[in-house]
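A.B. asks: Dumping what TrEMBL says about this protein:
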| type | residues | note |
| --- | --- | --- |
| BINDING | Gly16, Ser17, Gly18, Lys19, Gly20, Thr21, Arg127, Val136, Tyr137, Thr200 | GTP binding site |
| BINDING | Ser37, Arg42, Lys63, Leu64, Val65, Gly90, Phe91, Pro92, Arg93, Gln97, Arg160, Arg171 | AMP binding site |
| DOMAIN | 127-162 | domain 'Adenylate kinase active site lid' |
| REGION | 36-65 | region 'NMPbind' |
| REGION | 126-163 | region 'LID' |
| REGION | 142-163 | region 'Disordered' |
Amino acid sequence: MASGKLFRAIIMGAPGSGKGTVSGRIVKAFNLKHISSGDLLRANIEKRTELGLIADKYIREGKLVPDIYITKCILGELEQIKSHSWLLDGFPRTGEQADDLWNQERIDAVINLDVPFEVIIERIQSRWVHLPSGRVYNVGFNDPKTPGRDDVTGEPLSQRPDDNPVAVRKRLEVYDACTRPINEYFDKKGVLVTFKGSTTDEIWPHVKKYLDAKIQQ
């Protein structure tokens, strides 16, 4: 990073808000390590670490992995990269996790993407997925080269069964209920910054301008 200063940030955003796209741009523009709670948990399961074996057992039984193990997984990883700047994605998800994280790490910013639910629902309804690879296309602004076909393999695309409007709205309402207390927690700490908009291209310039100034402080 240009200033030589360590910078630690969290990114928050509802499913379909463009959080993945904005995260990728932040990581690339500011040379941050991207820590995804989901990716980290999967990596531990694949490596068959102690935490991975515990998590795998819960998942195989169709249960959620308890917060204590997710927290241990994330905080352990952050301890290993304490000499790096990072962007944390997918954590914290509870007030207790937020408190544990705040007590261990210095958090410089919590970037909250606020996209209207109606926009997200419409976007997800236009989403088509190549299930084997996870590649995602959106009709209207990220179309496949051949309609209904994956760009790389040419295989057919499909829509996820849970991408119907009722299910999507329910997921968004659950997300909102879970994250509102977390956002309030970080707001009281003075590190929450909310960016409103309908598309990542609309939001990104404001995020970049904020981070350019913040990191140079």
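Just so you know, glycine gets a Cβ as well, placed from its N, Cα and C.
Could you place these features in context, so I can see how deep they sit and what lies close by?
C.D. replies: If you draw a 10 Å sphere around the CB of Gly16 (GTP binding site), it holds 23 other CB atoms from the protein chains shown.
DSSP gives Phe91 (AMP binding site) a coil state; it is part of no helix or strand. Applying an 8 A CB threshold to same-chain residues 6+ apart, the list for Phe91 (AMP binding site) reads Ile10, Ile35, Ser37, Ile70, Ile74, Gln97, Leu101.
Residue counts for the domain 'Adenylate kinase active site lid' (127-162) by DSSP state, with H, G and I taken as helix and E and B as strand, are 2 helix, 12 strand, 22 coil.
The average pLDDT computed over the region 'NMPbind' (36-65) stands at 91.
Within its own chain, the region 'LID' (126-163) has Cβ neighbours under 8 Å at 16, 171, 199, counting only residues six or more beyond its boundaries.
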A.B. asks: Would you kindly give the Cα-Cα distance separating Gly16 (GTP binding site) and Arg160 (AMP binding site), rounded to the nearest Å?
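C.D. replies: Gly16 (GTP binding site) has its Cα 13 Å from the Cα of Arg160 (AMP binding site).
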A.B. asks: Identify, in sequence order, the residues in the chain of Gly18 (GTP binding site) that are 6 or more apart from it along the sequence and have a CB within less than 8 Å of its CB; answer 'none' if there are none.
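C.D. replies: Listed in sequence order, they are Leu113, Val115, Thr199, Thr200, Ile203.
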A.B. asks: Of the residues in the region 'NMPbind' (36-65), how many are helix, strand and coil by DSSP?
C.D. replies: 22 helix, 1 strand, 7 coil
A.B. asks: Validating a neighbour-count step here. Other CB atoms within 10 A of the CB of Val65 (AMP binding site): how many?
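C.D. replies: The answer is 17 other Cβ atoms.
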A.B. asks: In whole Å, note down how far the CA of Lys63 (AMP binding site) lies from the CA of Arg127 (GTP binding site).
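C.D. replies: So the alpha carbons of Arg127 (GTP binding site) and Lys63 (AMP binding site) sit roughly 28 Å from each other.
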